[in-house]
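Student: Questions regarding the structure given below will be posed in turn.
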Amino acid sequence: MSVKSKQYFNIFIFIISLIFFDQLSKYLVVKYVKLGSVYFSFFENFFRIIHVRNTGILFSIGSNINYSLKKIFFLAMPIFILIFIFSLSLKEKNRIARISLLLIFSGGVGNVIDRLFRPSGVVDFLDFKFYGIFGLDRWPTFNFADSYVVIGMILFLVYDFFIKRKAFNT
């Protein structure tokens, strides 16, 4: 197997593993946790597993938008953006930047799968107490795909601001 083929194979395994874990966790929540109920909580309600559905995007933004517009803005556009991110990740030479783009891609695909096959909305289940910060008693409920996107974005920003700029300035 050539170096390039091995690299693409590793990328494929990484993406499939992340998407599988995301979809498996959502499947288990749908199967075992009644919609709207708390399955269990840890550390005096600091962290809970709860089954909710999100028909909007980040933090339920746009959940009241017309169904046809949702298909365009929450399905078609993300698919085009994901294709773009994936193509960038294949061209990226820096390992941190590539991993961050692949995390964003995998998280996006995980939520697009929900939008395609779960008309009642994306399954969210990770719920944290937020102690009134920004006026929120609890952080908006999310899933592993959301975590991949956020971690990927943070990694990419760290890469862009610290690593890429440092290399550019030397």
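Any Cβ shown, glycine's included, is placed from N, Cα and C.
Note that this is a predicted model, so its numbers are computed, not measured.
Feature table excerpt (Swiss-Prot):
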- D124: active site (ACT_SITE)
- D146: active site (ACT_SITE)
- 9-29: transmembrane segment (TRANSMEM)
- 72-92: transmembrane segment (TRANSMEM)
- 96-118: transmembrane segment (TRANSMEM)
- 143-163: transmembrane segment (TRANSMEM)
Student: How many whole Å apart are the CA atoms of D124 (active site) and D146 (active site)?
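Tutor: That comes out at 9 Å between the alpha carbons.
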Student: For D146 (active site), what is the tally of other C-beta atoms lying within 10 angstroms of its C-beta?
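Tutor: Around D146 (active site), other Cβ atoms within 10 Å: 22.
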